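Copied over from TrEMBL, here are the features:
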TRANSMEM  12-33  transmembrane segment
TRANSMEM  53-84  transmembrane segment
TRANSMEM  96-117  transmembrane segment
TRANSMEM  123-144  transmembrane segment
TRANSMEM  165-183  transmembrane segment
TRANSMEM  214-233  transmembrane segment
TRANSMEM  254-281  transmembrane segment
TRANSMEM  293-312  transmembrane segment
Amino acid sequence: MKGRLNRNFWHKHGHTVIIYVFLAALMVFVSIFNKDFFTLGNFKNLLRSSFPLLMAALGQTLIILTGGIDLSLGGIVALCNVVCVMSMNPDSAWGFVPALGAAAAVGLACGAVNGVLVTKGRLAPIIVTIATTAVFDGMALLLMPNPGGSVHKAFAKFLTRGYSGAVPFLLFILILCLVRSLANSTPYGKALRAIGGSENAAYSTGIRVGKIKFCAYCLAGLLCAVAGIFLSAQMNSADATIGKNYAMNAITATVVGGTAMTGAVGDPLGTIAGVFIISIINNMLNLFGVSSFYQFICQGLILIAALSLSALHKRH
């Protein structure tokens, strides 16, 4: 009985355990070259720098669980960043409140557009989101051709460094718990995975496939809005080109974390490890003075390796 329970545990969570062991080993390796790595200040900086990607990757995880993909996440992040800053009144005590609402509404609307085109239009997610990437990027550039704007100083400080850095950590934990509970412990999460396993079979069991997929894209849009808002506070400005690498990074982190590109299999907790692995590797390459061009090559190789390992695991 105990042996069967162990086998079930490793079948469900084995990849997540392995990826966290790899993350721990990577952290030890980096600490050899950076003596300040295992310090509270460095971990705070790592979380702040990774926070927007964490949000985008969690959104990508929900979509990939359905067997879909969203290449427009970077465009949504950038558009929400621009709208947030443009809607903010830095001179008013509560001038940040309308900006939060505007950014959230834009993120939700962008996700809804993707969801409608995929579900009602019956179009391939990869084609839809390539097209909407151009639309969202274009809208962001139209609103703000050059980086700029100003942010409510007290709000920015609170969101990124409030209570000695506890605010971004608590916000991250809250969102992770909500997303993981949704994906792993609710009927909605079971429906996501059923659709990713076989959309036709899910439909035949009474699952409202279109509604479930539509909600996944909307949730991803909201998570991208959170990323855009955090970037606004982090940069104290807006940049319409800030999201150009987020879609690729989010996909890489999601796959490295154990989510199958074919859908159904994955855990948001693994995605978190994938994000930190990518962030730490990029920081390490920066520490060694490696060109950003080589960093892109390294990231592509990581994605290929993760996909290959996923396919090998599935065959066995």
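Backbone N, Cα and C define each Cβ position, glycine as well.
The transmembrane segment (12-33) and the transmembrane segment (123-144) are not in contact, since fewer than 3 Cβ pairs between them lie under 8 Å (pairs 6 or more apart in sequence). The highest tally of CB pairs under 8 A with the transmembrane segment (254-281), across 53-84, 96-117, 214-233, 293-312, is held by 53-84. Among the stretches 96-117, 123-144, 165-183, 214-233, 293-312, the one making the largest number of Cβ pairs under 8 Å with the transmembrane segment (53-84) is 214-233.
Within the chain, the transmembrane segment (214-233) has long-range Cβ neighbours (under 8 A, six or more residues past its boundaries) at 51-53, 55-56, 58-60, 62-63, 65-66, 68, 70, 73, 76-85, 88, 99-100, 103-104, 106-112, 114-116, 118-119, 151, 155-157, 159-160, 168, 175, 179, 182, 188, 192, 242-243, 246. With a cut-off of 8 Å between Cβ atoms, the residues of this chain six or more beyond the transmembrane segment (96-117) that come close are 70, 72, 75-76, 79-81, 83-85, 87-89, 123, 125, 128-129, 132, 136, 151-152, 155, 213-226, 228-229, 232.
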